[in-house]
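For C117, the entry in Swiss-Prot reads active site, proton donor, with the evidence type sequence analysis. What Swiss-Prot records for K22, N23 is phosphoenolpyruvate binding site, and it gives sequence analysis as the kind of evidence. Per Swiss-Prot, UDP-N-acetyl-alpha-D-glucosamine binding site is recorded for R93, R122, P123, V124, D125, L126, D307, V329, and the stated evidence type is sequence analysis. Positions annotated as 2-(S-cysteinyl)pyruvic acid O-phosphothioketal by Swiss-Prot, on the basis of sequence analysis: C117.
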Amino acid sequence: MEKLVIRGGKPLSGTVSVSGSKNSALAIMAAALLPASGKTVIHRVPNLRDVHTLSNLLRIIGAKVDFEAHTLSIASGDISHYEAPYELVKKMRASIYVLGPLLGRFGRAKVSLPGGCAFGPRPVDLHIESMKKLGADIKLEDGYIIAKTKRKGLSGAKIDFRISSVGATGNTLMAAALAKGTTCLTNAALEPEIVYLCEFLEKMGAKISGIGTTTLEIEGVDELYPIRADNICDRIEAGTLLAAAAITHGNITLTDVDPDHLTAILEKFKEIGCEVSTTETAITLSAPETLLPSNVEALPYPKFPTDMQAQWIALMTQANGISQIIDQVYTERFNHVPELNRLGGEITVKNNMATVHGVKPLSGAKVMSTDLRASASLILAGLAAKGTTEVLRVYHLDRGYESIEKKLRKLGARIRRQTYDEFAQPQLT
């Protein structure tokens, strides 16, 4: 097992590059199953556990996958299996993305119900309902989604998502791209990763209108073609690094980033007193000595993202006043709060709202990661804490942050990765 050891109290400064988006990469990797021949090549793919998990899943169903130096190539002409097994899907919820491409191209799929971060219910019913509306027969059996189409394959349909869902929107887009007729999606997700998936599919030959709006119209085509493409930036990694600068009262510049993807996040940094400037591909943040409190409501894009909620709670422990953070997307996503309180935070949770009382001096301690973004929040707190903080079980972190400790060290953080024996007996003194 590995942990991160952090000696806090040092302001961050310098320049660092932002990695390619994990969430975008996973979606377009699944889309690479749609062409019947050739090789799709994707640049700027982050070297993450989730990327390797999906790569292995694609290999199991027969795709040829090569990953080297942040470039991923996928040849899907020889797919011979249509099952995504539990052993892989349990590791990552995004594995369900193969459902739409397999159904759209082959008319059949067997996908284990997914795993991933454990913070409350995140049902897959929207995915299943959409596939049924496109004409698939679906049953749940022995922990699997078993889906088949009629002889004619999928057919276009009108689908109104009752809640905005990135995963369901992406999966339905990929299935509808090869369906017969026209599919209309309403209340579709607006996230940059969905916009980029639409553009990626269009480049493959799909016909999609309404890109960047909540209403998407997909005219099915007979065939899609392999392409070469560059992945977009990871806006959540960017937001996390900016929060690291703010919580340490530092000054950093991020490069290879699209500020337009972080509009709501940047507005909140300005609200707490940070100076923020941008170019087309860079963001500079300078934090004040005294941070102001800020209330946040996590909502679907373009509002403040739920994937920054945990980091914002950590940051608000160092703001001068009371902040309230409401999560309207994942209402039970507060596993990080008890661990932040172990470091000295004063945070209470009621229903889907956390109330943070700052400024609270933080002190180093051992804390336990419970999920991906919780891990990031504990690192931020450790950077601000007096003394040494040990963040255990950082395998959660490795699902979504590429060498985050190296990037933080480049900015001056005193942070290192160590191995430890989780079951070792403590030494009594």
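Every residue gets a Cβ built from N, Cα and C, even glycine.
Recorded features from Swiss-Prot, shown on the structure.
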{"residue": "K22", "record": "phosphoenolpyruvate binding site", "contacts (Cβ under 8 Å, 6+ apart)": "P46, L48, D50, V51, D234, R399, G400"}
{"residue": "N23", "record": "phosphoenolpyruvate binding site", "contacts (Cβ under 8 Å, 6+ apart)": "A94, V166, E191, E193, D234, I236"}
{"residue": "V124", "record": "UDP-N-acetyl-alpha-D-glucosamine binding site", "contacts (Cβ under 8 Å, 6+ apart)": "I96, L113, P114, I145, G167"}
{"residue": "D125", "record": "UDP-N-acetyl-alpha-D-glucosamine binding site", "contacts (Cβ under 8 Å, 6+ apart)": "none"}
{"residue": "L126", "record": "UDP-N-acetyl-alpha-D-glucosamine binding site", "contacts (Cβ under 8 Å, 6+ apart)": "F161, R162, I163, S165, G167, A168"}
{"residue": "D307", "record": "UDP-N-acetyl-alpha-D-glucosamine binding site", "contacts (Cβ under 8 Å, 6+ apart)": "I236, R373"}
{"residue": "V329", "record": "UDP-N-acetyl-alpha-D-glucosamine binding site", "contacts (Cβ under 8 Å, 6+ apart)": "A298, L299, P300, T306"}
Packing count at R93 (UDP-N-acetyl-alpha-D-glucosamine binding site) (other Cβ atoms within 10 Å of its Cβ): 18
